[in-house]
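As recorded in TrEMBL:
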ACT_SITE  D8  active site, nucleophile
ACT_SITE  D10  active site, proton donor/acceptor
BINDING   D8, D10, E168, D169  Mg(2+) binding site
BINDING   8-10, W24, 43-48, S51, K75, 113-117, K144  substrate binding site
Amino acid sequence: MIKACIFDLDGVVVYTDQYHYQAWKKLANHMGYDLTPFENLMLKGLSRRDSLDTLLEMKGIRACENEKLMLSELKNKWYRRLLKDIDMSAVAKGAEDLIHDLRSAGMKTALASSSKNAGIVVKKLRLEGLFDVIVDGNMVSASKPDPEIFVKCAGMLKVDPNKCIVFEDAQSGIDAAKSAGMHTVAICEETSLKGADISVKTISNVSSNEIIKFNSNNQN
Ligand code: G6P
Ligand code: MG
């Protein structure tokens, strides 16, 4: 029986995935390259450094450690600039209601984001009250697809991994959750994510009843 729901932030609870994309695209343009939405899928869910390494490798760009530091700072500056204007309209439609309903049904909830900026977003949009536990990119050493972030959430919630369900919009996140031994809901608009137990287009397509039904169908 599922006891905890763990949510990714960017692209699941808030639409900030678009801002990450804009900032990475601007960085690619700055280096004389483009970054298509399809190419951006490879970056989703990864830490800032892993995303940069993936981008550089994808474009065949060589950079030394200092250049990499400068490039990731530049991307972060542009991303933070975009965050300045966010308001409640950045919260994914249906996310708050779903999380409230799950909590009312007795589920524990956690936020698991690779982003070191997750705290800023959560505070600005006053989302703290939705989660029993928040784990962000400052609290883990390995980023998704490593399972560390989800294992950490389960430990802090004191819930067995096989009683957790993870909501993710990135393949790296689905892979990380699966490696942690958890169930998964993929939120994916255009492309499909491999290996997820449930797939929906947006979080507004998930009802708490579906998750509760999933519980009774998957007694462990
Ligand atoms: C999330 C996003 C990624 C982003 C990463 C690091 O996982 O899905 O697109 O690169 O966080 O974010 P940060 O805010 O620390 O640069
Ligand atoms: Mg995401």
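Quick reminder: no glycine exception, Cβ is built from N, Cα and C everywhere.
Reported as a whole number, the C-alpha separation between R48 (substrate binding site) and E168 (Mg(2+) binding site) equals 18 Å. Excluding D8, D10, E168, D169 themselves, the residues of that chain whose CB lies within 8 A of the CB mean position for the Mg(2+) site are, in sequence, F7, L9, G11, V12, D17, K44, G45, S113, F167, A170, G173, I187.
Nearest by CA distance to E168 (Mg(2+) binding site), out of the recorded positions D8, D10, G45, S113, is D8. Listed in sequence order, the recorded positions near D169 (Mg(2+) binding site) (C-alpha within 10 Å of its C-alpha) are D8, G45, out of D8, W24, G45, S113, K116. Taking a C-beta cut-off of under 8 angstroms and a sequence separation of 6 or more, W24 (substrate binding site) has the following same-chain neighbours: L35, N40, L43, S51, L55, K75. Proximity of the recorded positions D8, D10, E168, D169 to ligand 1, judged by a Cβ distance under 6 angstroms to any of its atoms, singles out D10 in sequence order.
By neighbour count, meaning other C-beta atoms within 10 Å, the densest spot among the binding-site residues R48, K116 is R48. Cβ neighbour count for D8 (active site, nucleophile): 31 (other Cβ atoms within 10 Å of its Cβ, all protein chains included). Proximity to D10 (active site, proton donor/acceptor), judged by a C-alpha distance within 10 Å, picks out G45, S113 from the binding-site residues G45, S113, K116.
Rounded to the nearest whole angstrom, the C-alpha distance between S113 (substrate binding site) and D8 (active site, nucleophile) is 5. With a cut-off of under 6 Å between the Cβ and any atom of ligand 2, the binding-site residues W24, R48, D169 reduce to D169.
All protein chains included, E168 (Mg(2+) binding site) registers 30 other Cβ atoms within 10 Å of its own Cβ.
According to DSSP, E168 (Mg(2+) binding site) sits within a strand segment.
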